[in-house]
Every structure is written in C-alpha cells, then in structure tokens.
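Q: Could you have a look at this structure, given as structure tokens, before my questions?
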Amino acid sequence: MSINADTDSPGILKHQTGNVKHQMKGAATTFRNEHDPFDFMRFLYEGAVAGATAGVVVESVLYPIDTIKTRLQAVHGGGKIILRGLYSGLAGNLVGVLPASAIFVGVYEPTKQMLLKSFPESLSALAYLTAGAVGGVASSIVRVPTEGFGSFLLRDLPFDAVQFCIYEQLRIGYKLAARRDLNDPETAMIGAFAGAITGAITTPLDVIKTRLMVQGSAKQYEGILHCVGTIVREEGTSSLFKGIGPRVLWIGIGGSIFFGVLERTKKLLSNSGPIHPSPDSLKQD
C-alpha cells in the first residue's frame, strides 16, 4: 500500500490496517457465522440433504471413469482392459452412496462448527481434518459392510479427511484473496483442485486396496505390507501410482461436481428458512 502525503495520514493508515486485519480474521472464521451456532439440527439436516444430493449426482456422472480406473489398476503387466459394461453395478452403488454421503456430511457440518469454536484459529486445519475423520467414522456404518473395514481404514477414511481439509483451506484462502463470497464456478474449481491433489497423493493407497480386493481366493498378498513389497519388487515403485491419471481426472472432476452441488444445495436449504420453529416465533404464537 502506497501512502500519499496529501490524502493519507497515520490515523487513516492505522484504520485501513485494522480493516485488513478484520477481513483476514473474518475470512478465517467465515464458516462460524453462517448459521445460529446452537442450531445443531439445522446443520445436521442441511448437511445430510446436501451430502446425499451431491453424492448421488457425482456417482452417477463419473461411474464409468471409476470403472475404467479400477480395471486399469487390476491389470498386470501389459494386459488389456475391457470397456464393456461401464455402468454395471451403478444401482447397487447408489444404494450405498446416498446414505453414506448423507451421514458423512450430516455429521461433518455440525462437528466442524463445534470444533471451529473450540479450537484456536491457528488450528482451523486440524478442526476440518478432525471433522472429516469423525464424519468418515460415522458413515462407516454404511460403508464398512459394503467395502470392508480394511479398505475403509486404508483408503476411504484418510482420503475423506484430507480432501475436506484441503477444500476448506483452499476456500478460505480464495475468499481471503477475493474479499467476497465464492460463486458457483469458483466453488467447483476449488473442489476440483482439492479432489485432484488428494487423489494424487493417495493413489498408492488406492492401488493397494484394489489389489487386495481383486486377488480373490488366490491370496497372492498376505497383507498390506506384503502387497506393497510384492508390487515394488516385481513391478517397480512406479506401479504404486498406476492409474494416477484416470484417478486424478475422476476425483478432480468429481470434486468439482460434488462440492459445487454440495454448496449450492446448502445455500438453497439455508434460504428456505428454519426447519423447526424458533423460540421467538413460539412466543409470538
């Protein structure tokens, strides 16, 4: 900031500096003031509905890419993948995705708000990470029976916690830089970045999980560590990142759609009014 001797004074400069600090603090705590801090049921309701909607939309749109990615990771050596039946199993997946997404976001939203109020601002990232882990554990009621506890702990739980943490931090940073609320395309863009980054760094976990799942009764791998050692020894370390291209593409686009739909649905629900009477309205009646 430049200081003009004709128009600026120490008092004005101090006032402007205070405004900047206030804006930074406001951006860092933006999610704390979106709703009544005691309205737990509203956070739960809006999160559950928005999560279910976003989960179903993104699963339906990107299911074929996920199928190709899984088949690519399961192929050994120079084998070819089959491109038929890319939507096979979608209906069964939606049966699990809808309640799992509803539970995850429904638990994540109120947990996030409570943790943000309890943690200092310097630990906001930990609040998001913890809320993501709590939401993941809650959604395990649905996901573990369909995916297995080992697969859930190995890939899904850390992925969800990290992705939501990265998304929230990117969103805060963008709002701080723009000094305004995000529009839908910007939310989708940040969701894409969060998904792509998380997808890339968790690819080895996905490869290991896929190999353990598809080995069947052959039991080629005795466990996680044996699987990692066998892949590195027989196929090279680069094989742990096999399928990273389709995975990053899939999760990047998925993050764009998921978070875009999630935030838009939350806004629509928020604008629809309270889901239960407030104490003031009851007094008036």
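Even glycines carry a Cβ here, placed using N, Cα and C.
So TrEMBL has the following annotated:
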- 41-114: repeat 'Solcar' (REPEAT)
- 43-65: transmembrane segment (TRANSMEM)
- 86-105: transmembrane segment (TRANSMEM)
- 125-145: transmembrane segment (TRANSMEM)
- 186-268: repeat 'Solcar' (REPEAT)
Q: Work out, from DSSP, the number of helix, strand and coil residues along the repeat 'Solcar' (186-268).
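A: Per DSSP, the residues of the repeat 'Solcar' (186-268) fall into 73 helix, 0 strand, 10 coil.
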Q: Helix, strand, coil: count each for the residues of the repeat 'Solcar' (41-114), based on DSSP.
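A: The repeat 'Solcar' (41-114) comes out at 59 helix, 0 strand, 15 coil.
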